[in-house]
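Data block below; observations after.
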Amino acid sequence: MKQVQTKRDWKKLAYDVVEEKMITKEDAIAILEADDTEVLEIMNAAYIIRHHYFGKKVKLNMIINTKSGLCPEDCGYCSQSIISEAPIDKYAWLTQEKIVEGAHEAIRRKAGTYCIVASGRRPTDKEVNHVIGAVKEIRETTDLKICCCLGFLNEDQAGRLAEAGVHRYNHNLNTHANNYESICSTHTYDDRVDTVQKAKQAGISPCSGAIFGMGETIEERAEIAFELQRIDADSIPCNFLVAVKGTPLEGQKELTPVECLKVLAMMRFVNPTKEIRISGGREINLRSVQPIGLFAANSIFVGDYLTTAGQEPTADWGMIEDLGFEIEECAL
């Protein structure tokens with residue numbers, strides 16, 4: 001007689017997490033390896049944790065790409081890298097006025113956090129000053145929380161951004177340490193961890209996540225979540241690879257919608273109190289199951305991404321309302 005495999009009690013695991021019992025790496029791998037028919041049970045369990053810590057609130061974030069392309073790094077997934085042949089817009093820094101205008105557009109889109117992003121390995125001191133000028137005006141004229149993503153930072157730059165009023169700094173780990181050399185050769189995994197730590201030491205809330213679907217194993221996928229727990233990232237963007245034509249990862253098989261849901265649920269189980277954001281690839285990879293993702297995640301980007309299009313803000317507002325959730329405005 002064929003032995004029937006007993007399914008996991010996902011709800012019990014969720015209640016254990018709510019009672020502050022940490023799950024194991026084996027538990028995380030079990031979520032990722034669960035049969036696709038269990039995904040709704042897993043998402044229901046993830047929602048127990050999500051609701052316990054965040055209720056029905058959804059945080060909206062908006063990106064402005066203040067400097068596009070022209071990056072000397074060779075990250076294989078990125079359309080802005082020096083080795084990319086993707087047909088993207090390339091431009092130097094936007095003016096401070098344009099950056100400030102973007103902040104007011106973020107408010108119109110009901111975003112609470114405004115993310116100032118620039119391509120490149122690391123900013124010069126002059127470029128940091130350029131951002132600081134815009135940040136100060138935004139702080140004086142809005143209640144927005146400000147996140148910056150400018151590349152590697154030194155201690156002085158991190159301190160000056162903190163003093164200017166930057167609330168959060170994004171620097172993703174991107175992939176597992178074991179997989180990093182296959183993705184990028186111009187800097188190391190440890191370089192990325194170092195910048196996250198410098199931002200945190202300066203008093204800036206650390207935002208760090210990963211891009212899933214870049215050849216990492218299931219075990220590595222789970223270990224990424226625990227590494228983000230270790231570095232104590234307050235906000236965790238879960239990106240799903242969009243295999244952009246003209247990049248080295250063109251043709252890479254993208255994750256299925258169900259695989260993406262399992263990643264989001266696993267990340268919620270491992271990092272129960274953290275902001276989990278469905279980020280790049282949301283519309284392309286999750287497709288029609290986007291709303292289900294919010295049963296694990298509590299944050300999304302509204303509008304376009306760096307070089308790929310998002311959906312209309314009204315579609316995101318409607319999705320949140322249809323779920324019975326609420327937009328948390330002006331919240332970090």
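Quick reminder: no glycine exception, Cβ is built from N, Cα and C everywhere.
The annotation domain 'Radical SAM core' is assigned in Swiss-Prot to 53-282.
The [4Fe-4S] cluster binding site annotation in Swiss-Prot covers Cys71, Cys75, Cys78 and rests on sequence analysis. Under the DSSP three-state reduction, Cys78 ([4Fe-4S] cluster binding site) is assigned to coil, being neither helix nor strand.
According to Swiss-Prot, the [2Fe-2S] cluster binding site annotation covers Cys115, Cys147, Cys207, Arg277. When Cβ atoms from all protein chains are considered, those within 10 Å of Cys207 ([2Fe-2S] cluster binding site) total 28, not counting its own.
What surrounds the [2Fe-2S] cluster site, by Cβ distance within 8 Å of the Cβ centroid and not counting Cys115, Cys147, Cys207, Arg277, is the set Asn61, Thr113, Cys149, Arg168, Asn170, Ser235, Pro237 from the same chain.
Restricting the average to the domain 'Radical SAM core' (53-282) gives a pLDDT of 94.
DSSP assigns Cys207 ([2Fe-2S] cluster binding site) to a strand in the three-state reduction.
The Cβ of Cys71 ([4Fe-4S] cluster binding site) lies under 8 Å from the Cβ of Cys78, Gln80, Ser81, Ile82, Ser119, Gly120, Arg121, each of these being in the same chain and 6 or more residues away along the sequence.
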